[in-house]
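Worksheet for the structure shown next.
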Amino acid sequence: MNPLISDFQTPQQRTPVIVALDFANEKDTLGFVRNLDPTLCQIKIGKELFTATGRSLAESLINQGFKLFLDLKYHDIPHTVAQACKVAADMGVWMVDMHASGGRRMMEAAAEAVAGYGTKPLLIGVTVLTSMEQSDLAEIGLNIAPEEQVIRLAKLAQSSGLDGVVCSAQEAAPLRRELGQDFVLVTPGIRLDVAGNNDDQRRIMTPAEALAAGSTYLVMGRPVTQAANPLAVLREVNRVANLEAN
């Protein structure tokens, strides 16, 4: 456990921050995680790191007290996705995601697979990747605005038993109106300063903007992992979250 434990989180409070551990290997990941505090953030492992390190690193991080978002974006036949979700639940994973475009039967199978667990992972649907624009959707045969496709897939995910969706912060407000206050909205593309940002996530917002728009969790990678003082960044985002909640 990191010794720099803060008193931020009470039973009535939660941190909205999910730190994306976009490292290439276990050594760099564990070296960085020593700078974090499990009461100030959740953490996320994606395809590159999980492929490189496998289950052992994920379980090590969970054993250190972190809530883990396993970001593997499952998209397969219903049985395969259901079995993968059961494995994630057995590991103690806090959140796992899948492409909502995999369809109702796939998502319902996933929800049924983890329903019997006392503490089950949150099941999150991936709607439209934040790197995609309308021209990208058109190239795959979807002549629809990204925000319309997000709402369509989010409604499908909710009615199929999922707990929430990944969406850009710009879609958070309309999704709140459509799907209610209890549906989880996980928002990537969060930057401390959006000015001059030209990275691979097109629809970005600051933490304050995203929380005001209705996001539940904020995925932050480089703004935390490349910060001189990651804990200071986390404390500031959590301070903003408290202001938005009050």
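Every residue, even glycine, has its Cβ placed from backbone N, Cα and C.
What Swiss-Prot records for this protein:
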ACT_SITE  LYS73  active site, proton donor
BINDING   ASP22, LYS44, 71-80, THR130, ARG191, GLN201, 221-222  substrate binding site
Starting from the Cβ of GLY221 (substrate binding site), draw a 10 Å sphere and report how many other Cβ atoms land inside it.
20
Separation of alpha carbons, the residue listed as 'active site, proton donor' and GLY221 (substrate binding site) (Å):
17
Between ASP22 (substrate binding site) and LYS73 (active site, proton donor), what is the CA-CA distance rounded to a whole number of Å?
15
Which of the three DSSP-derived classes (helix, strand, coil) applies to the residue listed as 'active site, proton donor'?
strand
Euclidean distance between Cα atoms of THR130 (substrate binding site) and LYS73 (active site, proton donor), Å:
14
Specify the secondary structure state of PRO78 (substrate binding site) as given by DSSP, simplified to three classes.
helix
Does LEU72 (substrate binding site) have same-chain partners at least 6 apart in sequence with Cβ under 8 Å from its own Cβ, and which are they?
GLY46, LYS47, PHE50, ALA84, VAL96, ASP97
